[in-house]
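Enquirer: One structure, pasted below without further comment.
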Amino acid sequence: MDLHSLLELGTKPTAPHVRNKKVILFDTNHQVSICNQIIDAINSGIDLGDLLEGGLLTLCVEHYYNSDKDKFNTSPIAKYLRDAGYEFDVIKNADATRFLDVIPNEPHYSPLILALKTLESTESQRGRIGLFLSFCSLFLPKLVVGDRASIEKALRQVTVHQEQGIVTYPNHWLTTGHMKVIFGILRSSFILKFVLIHQGVNLVTGHDAYDSIISNSVGQTRFSGLLIVKTVLEFILQKTDSGVTLHPLVRTSKVKNEVASFKQALSNLARHGEYAPFARVLNLSGINNLEHGLYPQLSAIALGVATAHGSTLAGVNVGEQYQQLREAAHDAEVKLQRRHEHQEIQAIAEDDEERKILEQFHLQKTEITHSQTLAVLSQKREKLARLAAEIENNIVEDQGFKQSQNRVSQSFLNDPTPVEVTVQARPINRPTALPPPVDSKIEHESTEDSSSSSSFVDLNDPFALLNEDEDTLDDSVMIPSTTSREFQGIPEPPRQSQDIDNSQGKQEDESTNLIKKPFLRYQELPPVQEDDESEYTTDSQESIDQPGSDNEQGVDLPPPPLYAQEKRQDPIQHPAVSSQDPFGSIGDVNGDILEPIRSPSSPSAPQEDTRAREAYELSPDFTNYEDNQQNWPQRVVTKKGRTFLYPNDLLQTNPPESLITALVEEYQNPVSAKELQADWPDMSFDERRHVAMNL
């Protein structure tokens, strides 16, 4: 015995076995009415159970053989199904006019009988059977991909057929619920798939509009789920006049071994004959030996070569470790193409001028094909990224925040940092609502959540170059985007002119809504800033100091809730001692160079409203977050007259634009914004809060 044959043991059946299955066929003198009632039962979502396969086969026999049982029994369809283990049991009831009358009177059919008694059927047209079968065939091309892709493909085909005037389907058939039912039936019914495929391939005469739709759908189903077979046979095992030659890129020894194994798997697949291109849809034997993962290098090279030839079907992702191999194969194939074209042009061109024209044309043709391929692939990836973002958002909203919500209170009560400056506000009886946490632990978890929302898009893929990052990020609210989205300033809340009870109810509703949607990333409540200020980010990147977060992007925490403005008292300012220079090595800033420019466009210069300009300073009670009656965010005036929005301005990892303007224009040795950016310190939340009161 050859010892190496051990590797192949168990891959081929030595005692083939076929499981026997019984299929019930219905035979009456009113076959069209029975078939229409079967269609109505399926459309109504009634589960026919083990009668489903028989009911579908009854429809096929009526449509293709006009219910002639003798013709059907001698047909290739019946022979194949018998070889596959199906046994036909015919129930005859000549006088039956209802589907109810032909159902066996057995206990396990009683729920089905009760459901059918409530079903009213008024249709008795024979053409409706072909209409239903053609509608089912629309789901075949993308059946192995999934329900969403299959339904989208079916709807596109319906639109095409309606525009061409071929056939029009009832509107209630085109609802998502009904189409999911049909998809589930087609996914589970081998008989229906097999009969549609067999007749779509072999029906050569007697076509009506429904049969042409079925043939068209079956043609699109060829090699569905067998992309590796199609690409390898077309581009790797190249057929020439002298025989089959290997592509130059797969002539190395290791890839040759994969090619040999792949040829063996193909020979096993070819035993299925005319049904081999539909092996994945029909789930035929040997299909599991044709997975991409079994031939990683061959698959990567084949996909790279196919993409170089303009195949958009090859836009699938290979394993991450073989992504670079795919890119290398793509580049090499493009160069080989140019070389072959150059050689051909040299052979067929009669003079230099013709050679130049042909070379220019082929160069343009290659570039156009390549750009079109990249455009289609980028569209596919954008669609995939949007789908991934939607799924990620749903998961995070349903699960992620529930886990971190329990830690909100505790994380805030643990901050013992002393604050020297005080704020006095009139106490109002209102429900206590703690500000949102600035907790590095929670922020790090949410960072990981957001980074996985784009996991479907391979960052190393050269074909994602045309992806519009801004578009992808806009569709996913979980991914921070400061370049493509301009924040609009929040309108100033209405002054308190109603009873305390009314304002209390509004504040409860507002804070509740904010807690419900914590991950909407400033969509509903952006920070207060002007349009011309949108280039600096509001991300809080405290996770930079944490291990393992070097490659992750900082995630915004939800902003503090905005309450209705209160009646304010005159501020009482206390001198504060500066303990830290927030501007690093910029120099001495003792002079009051931070005088705000009083213009409507400056974020630090609010409109001429005395209430809006009244300064607030934090009280010692705020250390333990007991004074929760403050407005969030607050305008804070420092001892140098600088107005900041606390905590928003000081939580930024980049200096605010108003501060940049003041330093660049008024400092005696002007510094550039780039230098200021470099000197802007990396501080924790506690340090920023401390600096905010001591500028």
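Cβ atoms here come from the backbone N, Cα and C positions, even for glycine.
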Enquirer: According to Swiss-Prot, which listed range is coiled coil: 4-29, 316-341, 420-445, 654-679?
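Expert: Matching range for coiled coil: 316-341.
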Enquirer: To which of the residue ranges 199-202, 471-474, 603-606 does Swiss-Prot assign the term motif 'PTAP/PSAP motif'?
Expert: 603-606
Enquirer: Ranges 64-91, 120-147, 372-399: which does Swiss-Prot label coiled coil?
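Expert: The listed stretch tagged coiled coil in Swiss-Prot is 372-399.
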Enquirer: Within the motif 'PTAP/PSAP motif' (603-606), what mean pLDDT does the predicted structure show?
Expert: 42
